[in-house]
Amino acid sequence: MNSQKRTQPIQLLTPAAAGTLQVGAEAVGTFLICFAVYAASSWGRISTGASSIAIACTWVCACIAVGAMFSKISSAHCNPAVTFAAMFTGQIGWLQGVFYILGQLIGAAAAGAAVIYLLPMTKENNGQVWLPGAVNGFAEGSPSYATLTQYHLSFTITMAIVVELVASLIVVGTAIVSMKKDGQAASGHVWKVALAYGVGAMITYPITGAGLNPARSTGIALFARNKGLQADPVSQLFVFWICPLLAAAIVGLITIIYNMIIENAKETLEAEPDTIIEMPEALLTSTGEYALKEPDKQTDLLVSVDDNDSDEISASVHPVPVEHTQTSQPSEEPKDTQISDEESNS
């Protein structure tokens, strides 16, 4: 059944207008996601305690909402790591990707500034109550530092790197494989990516505050400096850029290798000639017909490779006619014998 590709509204615009709209969608989408995460992990912790489940649910719901709004415009990357991986695999252009990342950083910074401005602060308490769960960090910058320090424990940079790298692999890998080769969001892209963020937040929040996104980490860190926190969030920001970008490079490399293997397999199938398997003459029936199951019939099996989207191999059976040589048998002699001349004369 032939299916035609649907034309998205964004494809009807000029390249300049489409690019501007896509960058704007990335900026607004990143702003909405980051604002929701910052809010839930700052003033939201007053009522919920900012548990891992609450933060994970915030990530999931925010990503679903933003994806529903912008996935048909820019595929709703809203994450420099996802954009970098898409640039690496050729799903978007490099120049387009750079503008995406700039839009994402602007949106995250705007969300960070808005949350810091809205938080009630005094000279005595200018951020210690609100920001430990909103910023990303490790050791003294971890959301669990106040609890762990009572037992002389802390989450080290090694642990932070490992969990952020694993979580970023989950997020970026899911985002890349759920996009088409042209960068458009495939079916189910939104909820798949949202669930990946939820899993990543569950893994990382107690340790690092759930970075997962360099823009998310940067947006709040820029405005949380000098707010009375145990550790400067900007000084620990390098972990939350290196890990996601490294994960993006790994995902991109694996994707490229996989695509090369698939293309080589398709070329091999296309190059193989049709193979004909002839059955022995013993399978020929007395009537000259052919059958595969009966021992006295013959057939030729033609296996042809059809290169289509499903990569299926179809087999068809074609009977091959066989010339028969009929053995001439002597005709029966007539039963009546000639009457002897003597009897006829008598």
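Glycine is no exception: its Cβ is also placed from the backbone N, Cα and C atoms.
Features reported for this protein in TrEMBL:
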type: REGION; residues: 311-346; note: region 'Disordered'
type: TRANSMEM; residues: 12-38; note: transmembrane segment
type: TRANSMEM; residues: 50-70; note: transmembrane segment
type: TRANSMEM; residues: 97-119; note: transmembrane segment
type: TRANSMEM; residues: 153-177; note: transmembrane segment
type: TRANSMEM; residues: 189-207; note: transmembrane segment
type: TRANSMEM; residues: 238-261; note: transmembrane segment
Beyond the flanks of the transmembrane segment (12-38) by 6 or more, those residues with Cβ under 8 Å of it: 55, 58-59, 61-63, 65-66, 69-70, 73-74, 76-79, 83, 96, 99-100, 102-108, 110-112, 114-115, 134, 210, 213, 215-216, 219-220
Among the ranges 97-119, 153-177, 189-207, 238-261, the one whose Cβ pairs under 8 Å to the transmembrane segment (50-70) are most numerous: 189-207
Long-range neighbours of the transmembrane segment (97-119), counting only residues six or more past its ends (CB under 8 A): 19, 22-24, 26-32, 34-35, 38-39, 42-43, 74, 77-80, 83-84, 86-87, 127, 130-131, 134, 213, 215-216, 218-224, 227
Spatial neighbours of the transmembrane segment (189-207) far in sequence, C-beta under 8 Å, 6+ residues away: 52-53, 55-61, 63-64, 67-68, 71, 75-76, 138, 142-144, 155, 159-160, 163-164, 166-168, 170-171, 173-175, 178-179
